[in-house]
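The structure under discussion appears below in the form of structure tokens.
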Amino acid sequence: MLLTGCVSSLSAQQSFWKEDFSAGKLPDGWMIVDSTKSAKCEWIVTDQPYPGSFQFEQQAPPIASTSRGYHMQFRPGIVTGEEITKWNQREEYPNGYFQTSAIDCTGKNDVVLKFQHLFRWNNWFTGKRAGLWVGVSNDGVNWKEYNVMDKIPAATQLHAPVNEEINISEVAANQKTVYLRFFWRDIFSWYWMVDDIELTEPFAHDLALEKVTSHQETGNTFTKEDVLKVKLKNVGSQPVDEDFTVTASLNNGQKLTATVTASGHPIAKQEEYEVAFPATDLTLMGSYKIEFAIQYPKDERSSNNVLKANLFAARMNLGKLTKFNKISNTEYEFVSGYAKVKLMFYRDDIFRIWLAPDGEYTNPAANSIVVDYGIKNPRVSMADNGSYYKFTTPQCVVRVYKNPIRFAMYDKNNRAVIYEEAEPLAFGLKTTQTMRRSGDEDFYGCGMQQGNFSYAGKEADIEVTGWDEDQSSNPAPFYMSTKGYGVFRNTFAPGHYAFNGTEMLDKNYDDGFKLMGFTSQLTHNENRFDAFYFYGPSLKDLLNDYTDITGKPFMPAMWMLTMGDADCYNKGEQRTGWPQSTPDVISQVADKYVEYDMPRGWILPNDGYGCGYVKLDSVVTELGKRGFHTGLWTENGVDKIAYEVGKCGTRLCKLDVAWVGEGYEFALNGCKSAFEGIENNTNERGFVWAVCGWAGTQRYSTVWSGDQVSNWDYIRYHIPTITGAGLSAMNAATSDVDGIFGGSPKTYTRDLQWKVFTPIFMTMSGWADADRQPWVYGHPYTDINRKFLKLKMRLNPYAYTYCHEAHTTGVPMARAMVLEFPDDVVTRDTTTQYQFMSGEWMMVAPVYTRKNVRDSIYFPAGEWYDYWTGKTYEGGKWLDKYEAKLDICPVFIRQGAIIPMYPDMNYVGEKPADVLTLDLYPYGNTSFNLYEDDGLTRDYKKGEFARTLISVSSPKGEKGTITVDIAKAKGDYKGRYQERTYLLDVRSESSPSNVTVAGKPLSAISPEAFNAGQEGWYFDASDRMGRVKVRTNRLSTNQDQKIVIGF
């Protein structure tokens, strides 16, 4: 039951003792006891949160106590970790307690213990005495204990501290020596944090409302003669012997009053009393918001006199239409009893359904997720078709059935169903929309779901559930269907989408569409419904629509497309005794990148709880000299960002679950604060890494899948993880190269290989035996890793262009096959989930087993070419037993491909990019619209960018003239190259007879002369089944250029 209230200031209750942890050490006379006597786990005094460990959410925010600083912390999850089974076999628990020194309670007739605490526990193999026990003793031997975790279920992630108040008078009153003990007992993990421990005397007159006793929060069957009951308690030091009243104010306007005749039956101190209200009719609504209030004039504390409760029926559905209101030409309202629902059109292809079960429209998310509520001139016509109202736009038809109220979307001719509700909207504690679905319909979206991208016959948690396969790390309340529609639920409430509902009676449609014989149920944990609907019909259209409402993915600077490196290099600050400080990252890591000739982009030198940093300004400067940008891991907020970014020059914030706080709104706002904190202190672009993403996170942050153990399965299931995130417009989506735990030389190299073809990725060291730099495992891994990192650097103009496409359309660079080949039914389900398209032209099929062989590679229609050998593969077929030695990641190029590449370099800006290589695979007429800007600042938002249209025409499937047109640059920006040399690397099985540039013939030259920089061309029959190499002199980028290869 949702109950809210607050605790009064402690000073008002005559506090007479309070702990003091401000010195950062255990107070004098206190003791810490490891009852296992193993010295493996002890209580500590710390100002840091529970540190990251082996699984999702084995982390907690710093305790949000009054002091917001040092507190007592017990962290058995660090010790037990993944070894809980072994501890259980030894019948050993990481038990421990801390105990205060003697406290003098002489002259205190009543004593109340108060404290704040935050904890998370699991129920794996718990012992008989399992609990978080607070003990009170007046002799240090005999203890009265209270279990303070019994109301919080196992695995619950508490984001706000629990305020405890326990009357300990029976043990402590008038005692000279009183001891307090906080005892973690018979539980393996995770943590307990305690602060603000205080002893007070109670108020003389203090009544507190505790809970509703007549009804549960949900599952209620309301009646016409319902009796509300609530329990109160006398927590004061004196009995209550005067009559008083308690009121119950309902949100339907009713106000009930009950009189407590305490004059005849006094309420003793610590006594509980149940108050019953006059019977009332509760059948009129499916949910109630009720505020109970004590009206007792002598009460000295008002804050515990009020209790707010939400009561929900087991299940309510929209009923028969009782009233229809046309609010405007774009907004309509449908009434059923107390419930109201609006249909609102924003565009011809976007509308919103907004339910108010109690007649009051609410939007808790406000402007946090939706960036544009603007109405874009939808053209809506309305008609009453008898059994339903019909709303027609040039794109689609919305039907609203009258009895009961149900919604459906049809094509613009009102014949082909796109979606239809199988039953009316259901509401209560949760709100559910039940949709009809066809047997061949598939679904995508739902954010980053570990190991999933396609959901037909599956379920998806729209809440963070973990880092492992089939869990959710960065959910989004959005999905889209192959039927051509998408839905975004405008909420921060967790949810669950089940696309596997049971078979139902078939329904025939006018156009003979395949029978919609199954259901899907889309649920969120709130008593309201607010959803935006998009008509595509293509998946790319739907992503564009969705991001028009929730915001486009951020546009990365070019250096953000290079690999990042994270670890803690300030371990002295972490109080581990290791002799390292932040500047050590220069010699230990940055200089090694230079020594090993490794491409590089950015370093995050303070990754880890409590790591901190020193000499940040000089570290940023020195890293910059070596080609690195600098980022910072942030655990406690971004209050120092003006100094870090504006003064020192950092350019990245990596956020942790430790500080983003309760709920997805806090997390999204945290990303926004960090992103804007960077951009408010520099003209460069914000760069944020975060977990626990939601709809809208794509505007600010890279999402990554959490802290995981690397193995071959880790590589396998992350392929659909990344492409699935892309189908929720999370263009910048990734996981750590080779995880952060475990790993091996081969899994590192295989994981790095395929991530080169995604936009953004990083390594994280410090958690496994081997660090995660690309040279750590030596030959041959160092050379292979270098090869692929250099390839990624060369592919920057290709990737950057697709990142700009994502920024303007929501369509990601790393694409599930269905996104590029939606008409190919093979790509719609999980059949091709372990391969993906990098942009439009490159197909990647990662190796995810220890064998140097890749099976089950599918080629959609057309010809495909092996990137490494040039071998041709026919579309519509499968390939097994593809030999992929460790230095080969299976990559195939689509016919017609145009792939721009920059010169070889190890970091962005190391060399001029005035030589542009075009890797070409001519087939018919194709084009690539190259996007370039200064690669760093936000000046592109002011129109400072250029597009260069590159077009290639050739015969289809036969030898003939190849024409390459390079249009003059459209647009301008600071630093744009006015002239460029073009290198053409053209697939051709035969040697051309001539090559011309702007109508002038080029000479055939030797490969040696070509490589020395001479203008000309040559043919190499041994290179990937035949390649024509063409080098031009410097040509103006302000004029159209034409290169013709004749045969």
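Heads up, the Cβ atoms here are built off N, Cα and C, so glycines get one too.
Quick look at what TrEMBL annotates:
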type	residues	note
DOMAIN	341-496	domain 'Glycoside hydrolase family 31 N-terminal'
DOMAIN	668-801	domain 'Glycoside hydrolase family 31 TIM barrel'
DOMAIN	810-899	domain 'Glycosyl hydrolase family 31 C-terminal'
DOMAIN	916-986	domain 'DUF5110'
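Per-residue pLDDT, averaged across the domain 'DUF5110' (916-986), gives 98. Each residue of the domain 'DUF5110' (916-986) gets a DSSP state, and the totals for helix, strand and coil are 4 helix, 39 strand, 28 coil. Counting residue by residue with DSSP, the domain 'Glycosyl hydrolase family 31 C-terminal' (810-899) contains 10 helix, 31 strand, 49 coil. Broken down with DSSP, the domain 'Glycoside hydrolase family 31 TIM barrel' (668-801) shows 61 helix, 18 strand, 55 coil.
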